[in-house]
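Annotated features, as they stand in TrEMBL:
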type	residues	note
COMPBIAS	846-855	compositional bias 'Basic and acidic residues'
DOMAIN	191-276	domain 'Ig-like'
DOMAIN	285-366	domain 'Ig-like'
DOMAIN	384-470	domain 'Ig-like'
DOMAIN	475-559	domain 'Ig-like'
DOMAIN	565-652	domain 'Ig-like'
DOMAIN	656-745	domain 'Ig-like'
DOMAIN	758-856	domain 'Fibronectin type-III'
DOMAIN	861-958	domain 'Fibronectin type-III'
DOMAIN	963-1058	domain 'Fibronectin type-III'
DOMAIN	1059-1154	domain 'Fibronectin type-III'
REGION	844-869	region 'Disordered'
Amino acid sequence: MPKKNSKEFVKSSGNRLTSACRPCLKDNDTEPISGNTSRSDYIWKNCKLLEEVIFVILDIVSYHIEMALVYISVTLNSPPDCGKICNTELQCNLVSVAMSRSHSYLQMKASDMKLKYTVILVFITYFKNQNNDDKISSFVDNMMDLSRRKGVSNRRMTWAICGVGIRTLVWRGWVSEDDYTLHGPIFIQEPSHVMFPLDSEEKKVKLSCEVKGNPKPHIRWKLNGTDVDIGMDFRYSVVEGSLLINNPNKTQDAGMYQCIATNSFGTIVSREAKLQFAYLENFKPRTRSTVSVRQGQGMVLLCGPPAHSGELSYAWIFNEYPSYQDNRRFVSQETGNLYIAKVEKSDVGNYTCVVTNTVTNQKVLGPPTPLILRNDGVMGEYEPKIEVQFPETVPTAKGTTVKLECFALGNPVPTIIWRRADGKPIATKARRHKSNGILEIPNFQQEDAGLYECVAENSRGKNVAKGQLTFYAQPNWSQKINDIHVAIEENVFWECKANGRPKPTYRWLKNGEPLLTRDRIHIEQGTLNITIVNLSDAGMYQCVAENKHGVIFSSAELSVIAVGPDFSRTLLKRVTLVKVGGEVVIECKPKASPKPVYTWKKGRDVLKENERITISEDGSLRIINVTKSDAGSYTCIATNHFGTASSTGNLVVKDPTKVMVPPSSMDVTVGESIVLPCQVTHDHSLNIVFTWSFNGRLIDFDRDGDHFERVGGQDSAGDLMIRNIQLKHAGKYVCMVQTSVDRLSAAADLIVRGPPGPPEAVTIDEITDTTAQLSWRPGPDNHSPITMYVIQARTPFSVGWQAVNTVPELIDGKTFTATVVGLNPWVEYEFRTVAANVIGIGEPSRPSEKRRTEEALPEVTPANVSGGGGSKSELVITWETVPEELQNGRGFGYVVAFRPYGKMIWMLTVLASADASRYVFRNESVRPFSPFEVKVGVFNNKGEGPFSPTTVVYSAEEEPTKPPASIFARSLSATDIEVFWASPMEKNRGRIQGYEVKYWRHDDKEENARKIRTIGNQTSTKITNLKGSALYHLAVKAYNSAGTGPASATVNVTTRKPPPSQPPGNIIWNSSDSKIILNWDQVKALDNESEVKGYKVLYRWSRQSSTSVIETNKTSVELSLPFDEDYIIEIKPFSDGGDGSSSEQIRIPKISNAYARGAGPSTSNACTLSAISTIMISLTARSSL
C-alpha cells in the first residue's frame, strides 16, 4: 500500500476508477420501490466487495480521504469491468463519491450526486453503530418503506437523506467540524450591474460570483431567465464561479444575469445583475440653420445628442473656444441645450455642442449653429421665463446625490433663488453651482424630501418653478435568516425583516424555486412556518425582500437530523459513587433524533419504578435512600424509529463520612493566635478535600496567608490556624469536608475581644458662647466593657482634631453625656467621641453636625502695634489683625487711639473692618518725626473689648532739604567708575538715611537714568557694567523714609578705552623636573583699545575650584610645581580699561607623566585638576612689553 503522502498515485488511481465506474451510475432511478425485493437485498447479493468498500469509507470518515482513495485503488487492483459488475452499483457509487468529496474529479448531475451520498451515508451510519449485516439490510428496507408509505419517489427520498446525512456525521462527532464541516452554498460575492464600454480594447466582460460550500457548489448562470449553455457558445466560460464573456455583443449579451449555486444541500440564487453596453455614435452630418435673435432677447440652442448608452456630459464651443457659464449662460446636463438669458453683441458667432460619454470617455462634436443679431431693434425688458426646470416629482434614493437645474431667460438677467415651499431652511450640506443654476444635495435623507421652489426674478417680475423631491430606499436587512438544524418531526419558524421605502414585500424560495403555502408550510410576509418537519424539508431556503427600487436575498440552510440513538460521545459514567442513605442520579443522554424511549436494566433484570427508583423524561435514573444492595451494573437502553442503542455503567456504594472532632466556639483577644480543629472518619479509598469558609465566603489561603493556614498533616484532619487575630476575624467559621460521595460541614463561632467600636449618634444638645452640651450612644464594646470616653473637636481654623476640656473632666464608660468647656465664641465646631477599654482605644465616632457658638465681647487685642514712616504731616499706625476665631462675633472692628507724647487727651478713630491693619492720621500740625503714644482696641456687635498696651510711634519725617557737596568722579576702567561726595554743609531739616546716585550716558535721556543707593554715612560708591570710552553724567541726592532731597550739581566722567580684545596666542609650555615654563606672543591693542600693561596667569589644580592669579609685564612665566598634579592654566592681558580676552584653557598633565614640551590648546583637551598645597612661582625675565 502506498504511503499517505502519495498524492499523485491517489489522483491517477482516482481518475482510473472514475472512468471505469461512470457507466455504472444509472440516471433512471426515479420509480418507487415495489415488489418483494428490497434494494438492500439487491445490493447485498450483487456487491461482492461490499465489506471491503465499507471499511474504506470508514477510513475516509475517520482519517483522510486521500489515503482512502489509495486504499480503494490497491484493493480493487484494476478498474472493474462494467460489463460484468454493472449490477454492483453500490461499489461504483461509493468509490465515485469518495473521489468527488476529496478532489472534485466528478462533474455530474445533482441527482446522481445525491444518490451516491444517500447510499454511502446509510451504510456509514448503521455500520458505525451495529456492524451487523442484517441490521444494515433492515435499515435500508425501513428507509425505503417509509418512502413508499409517504408516496415519495426513490429519487426524492435520496435528496432528503443526502441533505441530512452529511450534517449527521459532524453532529455525531465522527469527523472534525473544523476540517470537515459540510454545508450548503453561501454567496461570498454576488454579481453587480455592469456597464461595459463597447469600444473597450479588453473585449471581455466579467460578471463576478464567488460561492463557498462543502461539497464544492456547482455554478450555473441564467440570462433573462434562460440557462446560459456554456458548452454551446465558446465565448462563455465560468472561472471559479464568475462568468466570462469574450467578444461581448450588445444584441446577444445585454440583459439580466443571475448566478445559481448548487451542492448536495440545495440551491441558492443570487440577485440579478444587468449587463449594458456603453457607446456613443456620431452626430449626423447635416448643417444646422442659422439662429437670428434680437439683442436683449433670450434664446436656446438645442444640442440633440446622437444615439448612445451610458451617462453623458455636455459642453459647448463658441468660435472654436470653450463657452464659459455665468449668470447669463447655462448648459443643461439633462438636455445638453445651451441657454442664454439675454443675448448681447459679443454672443454673435458659431456654437458647437460637445457630448462626452462618461463611461467610455468618447467625445463627439455636433455641427456648428450660427448665431446672428436681427436688425429690427433691441429687445425691451421683460419678466423672467423659466426654460430649464426640474420635473414635478423627483424620486431620490437614500444616500445619493440629487441635482436640480433651474435657469430663466429675461431682461434684465434674472437671479435664481432656491427655497423649500414648507418654509424650512434648505440643509446646510446643500451646494449651489453655476450662478445658482444647480442645487446639489448630497447624502439625501428622509428629512431632505419635500417641495422645492426655484424663483427667477428681475426688475420686471418673477416666476416660480416647483418640484417634489420624494424619498425612496432600496430594501436592506434588519433581520436575516440563519441556518437551522432540527430533529425530525419538530417545527421550524423563520422570520426575516427588511427596511425600505416603499415598504418591501416578501417571497420565499426553496432550492431556488418559489415556495408557497400548502399542507405543513405556512408563509405570511416575512415569516415561514414548517410543522412536523420531515427529511424532504431539508434544503436551502431564501427570503426575498423587494420593492420597486431593488431586491435583496437572505439565505439559510435547513438541516433535518434523523438518526438512531448513539452513545459514542455520551456513554454512561463507567463508575458512579454514592454513599449509603444518599441519593444518586445516573444520566442517560444519547444523541438521537427523534427523542428516544428509555429502558433501564440492573444486570439482566429490567428495572421497575417504585418509591425509591424513578426514570425521568430525559432518561436519567434516580435512586434515593441508597442501600448496599443497590450496588451493581446498570444499563440504559434508548430506542427510536431509526434504531436502538445502549450503554452500561456501575454503581458503587460507599460508607458515609463523619466529623469526629468538630471546631468549637472560642473567645479570644486581638493579636492572639488559635487553631480550630476539624477531624473526620471516612472511606480511605476516597479522596477527601477540606475547605473553610468565613462568614459565608471561602478562605483563600494564598491571598489571606498572613492570617490563615491549614494545619494537621493527616488526610483525616483539616485544622485551621488563625494568626494575629483582628476584630475583623470575628464571625462564623465552617469546616467543609467533601469526598466523591458526600459533603458535610461543621461550624463554630469566634468571638474576638478588642478596643471598642466607634460611638454612635453624637449630638449637640445645647451650645453657648463657650460651652457645648453633647450626648451619644455607645458603640460595640467588642466583648470588653468600655471604661472611658474622650471628646475631640474640630474647627475651620484647627489642624485636625483636638482633645477638649469637659465637665466631668474624666468621662467613665457608663456616661453618655458631657459638657465641653473653653470654646471660642462665634466659631463653628464639630465634635466626635472616642471610646476606650482595657484593651485599647477604639475608632472615633462619625462627626456631629456643625454648630456655631454664640457671640461674646472680644477679649483678644491686636499684637505688634507699631508704625512710622509715611509722608509729610502723617502719623502711620500698624498692627497685626486679630484671627477670625478670636473675634468672638459679627461686626468686628478696631478702635485706634493716639496722642502726642506727654499729652493727656486721646484722639480716637473707629475702623469697622476686621481686616484693617493700618491707619494713617494726616494733619499739618503734625511735626516731622514727633513721638506719639498709640494703642488699638477691638469691638464687635456685642460691644467694645480691651485696648492693646500703649506704645510710642514717630510721625513721618521730612525729606532732606540740602544736596550733597563736593561731587567728584573718576574712571577705574572701561566698565567701572567711582563717585565721591560730602554730606551737606548746611543744617538739614530731614534725617539722612543714605544717598542715591543717578547716572546716565551722554547719548541717553536723563529720565532713563539708572540709580544706586548707599546706606548710612557712606560717601562713595562704585558703578560697574558701563560701556567703554563713553561720557557719563552723575548727580547725588540724600534720602530718608520721606523721600529724596535735592540733587547735587551734575558731574561728568568718561570711561577708559576697552581692554584688548585679542587673547594671548601661540602659547608654548616646557617642563623640566618640577618646573613649567610658559611663553606666549605679545598682545597688541587696537586703536580703540587701551594699551596692554601686563598679563595675568590664572591656574588651578584639577580638584580645586578656586583659581590663583599672578601678574607679569613679561610674555613668559616659570612655575615650580613640587607635586604630581594636573593643572588648568589660562592667560589674559590687562590694561587701564580692565582685563582683556582670556586664552583657551590649557591642560598640563602632572609632571611625572608630561612630555618635555607642548603647545596651547592643541596639546590636549581641558580636564579637571586635583588640589595641591603649594606652588612656587618664579618669573623668567624676558624682553619688556
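Using N, Cα and C of the backbone, Cβ positions are placed for all residues, glycine too.
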What else in the chain is close to the compositional bias 'Basic and acidic residues' (846-855), if you only count residues 6 or more beyond its ends and a Cβ gap under 8 Å?
758, 760, 762-764, 767-770, 772, 774, 794, 823-832, 888-890, 940-942
Sort out the residues at least 6 away from either end of the region 'Disordered' (844-869), same chain, that have Cβ-Cβ distances under 8 Å to it, and list them.
758-760, 762-764, 767-770, 772, 774, 776, 779, 792, 794, 801, 823-834, 875-883, 886-890, 892, 894, 934-949, 951, 953-956, 1041
Do you know the mean pLDDT across the domain 'Ig-like' (191-276)?
92
Across the domain 'Ig-like' (656-745), what are the DSSP residue counts per state (helix, strand, coil)?
3 helix, 42 strand, 45 coil
